[in-house]
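Structure, as structure tokens:
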Amino acid sequence: MTSETTNLPTAEQIRRAPKVLLHDHLDGGLRPATIVELARETGYDGLPETDSEKLGSWFREAADSGSLERYLETFAHTCAVMQTRDALVRVAAECAEDLAADGVVYAEVRYAPEQHLEKGLSLEEVVEAVNEGFREGERRARASGHRIRVGALLTAMRHAARALEIAELANRYRDLGVVGFDIAGAEAGYPPTRHLDAFEYLKRENNHFTIHAGEAFGLPSIWQALQWCGADRLGHGVRIIDDIQVDDDGGGVKLGRLASYVRDKRIPLEMCPTSNLQTGAAPSYAEHPIGLLRRLQFRLTVNTDNRLMSGTSMSREFEHLVETFRYTFDDMQWFTVNGMKSAFLPFDERLAMINDVIKPGYAELKSEWLFPKGPADSA
Ligand SMILES: O=c1[nH]cnc2c1ncn2[C@H]1C[C@H](O)[C@@H](CO)O1
Ligand SMILES: [Zn+2]
């Protein structure tokens with residue numbers, strides 16, 4: 001039987017659906033073949049594998065450790081091959097191309113400029129190379145029939161002490177390809193308040209930022225990110241589940257003060273399900289807090305985090321969710337509109353993306369069941 005209610009999105013439809021991505025790391029999304037080539041070109045001899053297929057598997061397995069700290073160790077290899085202007089342009093262009101081919105129409109891609117200075121580039125040269133790559137990738141995507149816009153988020157590493165400098169850099173390149181700021185890296189032992197000066201500076205400049213919080217560490221990290229630092233969004237934020245009580249029979253749900261605040265204020269949560277399984281932040285897709293948080297109507301978005309380390313894509317994240325929770329096109333559209341509402345893009349552009357790109361895209365997909373494919377379609 002085919003009806004709208006039983007018609008779950010297929011993998012092919014999920015790929016064609018317009019998608020919005022707010023949490024994706026540039027140094028976590030390289031093509032394995034590109035890493036191998038760049039290592040050869042730049043003389044980096046530290047790769048654990050030089051066959052691109054084996055290298056891809058190595059990243060997925062090494063990152064699948066149950067610990068954020070071990071997960072983060074794998075980035076030494078990607079950052080090692082991203083130290084020249086040409087390498088950064090290439091990696092950024094391929095990132096935009098790959099996302100567009102996967103049906104992403106708007107993406108905010110983050111990276112830490114301070115991790116790309118080993119061969120003498122300045123912070124400004126790093127930002128300009130990445131921006132150039134994104135523009136090139138957008139052009140190539142258009143040439144192959146896809147439309148995408150990519151904005152950069154500049155990340156400061158939370159164990160380091162350059163956050164204010166990176167925040168100033170983000171502000172200098174505002175309206176020039178950089179749409180906001182973030183902090184990332186090991187969470188335990190490095191609370192966001194260590195970088196309060198950077199966040200206060202950005203607030204004074206009316207600029208936007210998200211903070212990785214509530215991934216490897218729980219509620220105190222989320223609380224600090226919101227109430228001390230003033231984050232616009234939370235990177236992950238899955239541990240907000242620790243402030244929600246569910247009755248044994250699953251019937252009653254009680255939100256604590258912090259969870260209520262997050263929901264009431266519509267704080268966007270950048271969910272990255274597969275990454276959370278790898279770092280141990282969630283035990284399985286079925287038990288991932290996204291299921292409950294979606295039912296409770298938190299402002300949730302779906303993201304990839306690190307496509308290379310997690311062997312994922314936006315489409316694959318949605319495939320897992322459709323399979324696990326039987327999400328429909330309406331659910332997919334809800335996540336996607338949430339993403340667009342939460343983007344660091346001017347309001348008029350967000351609205352136009354929602355009304356002129358996202359909603360028509362889902363309307364088209366939702367109507368396909370009415371027009372079953374015939375033999376002519378496979379010709
Ligand atoms: O999920 C994450 N949590 C904290 N830090 C992360 C995560 N994914 C990537 N990073 C780090 C490693 C990268 O080198 C850095 C900048 O993209 O951000
Ligand atoms: Zn992340």
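A Cβ is built for glycine as well, from the same backbone N, Cα and C atoms used for every other residue.
According to TrEMBL, the domain 'Adenosine deaminase' annotation covers 18-359.
A C-beta separation below 8 Å, combined with a sequence spacing of at least six in one chain, links His23 (Zn(2+) binding site) to Glu108, Arg110, Thr210, Gly235, His236, Glu270, Cys272, Thr301, Asn303, Thr304, Asp305. Sequence annotations record features per position, and here TrEMBL assigns Zn(2+) binding site to His23, His25, His212, Asp305.
Counting Cβ atoms from all protein chains shown, Gly185 (substrate binding site) has 18 others lying within 10 Å of its own Cβ. Annotation comment: TrEMBL describes His25, Asp27, Gly185 as substrate binding site.
Classification of Glu215 (active site, proton donor) by DSSP places it in coil, neither helical nor stranded. Taken from TrEMBL, the feature active site, proton donor applies to Glu215.
The secondary structure of His236 (site 'Important for catalytic activity'), as reduced to three states from DSSP, is extended strand. What TrEMBL records for His236 is site 'Important for catalytic activity'.
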In three-state DSSP terms, the structure that Gly185 (substrate binding site) belongs to: coil
Listed in sequence order, residues with CB under 8 A of Glu215 (active site, proton donor) and six or more positions away: Leu68, Glu187, Gly235, His236, Gly237, Val238, Arg239, Asn276, Thr279, Ala281
Recorded positions near ligand 2 among Asp27, Gly185, Glu215, His236, Asp305 (Cβ under 6 Å): Asp305
Set of same-chain residues at least 6 away whose C-beta sits under 8 angstroms from His25 (Zn(2+) binding site): Val109, Arg110, Tyr111, Thr155, Ala184, Asp305, Asn306
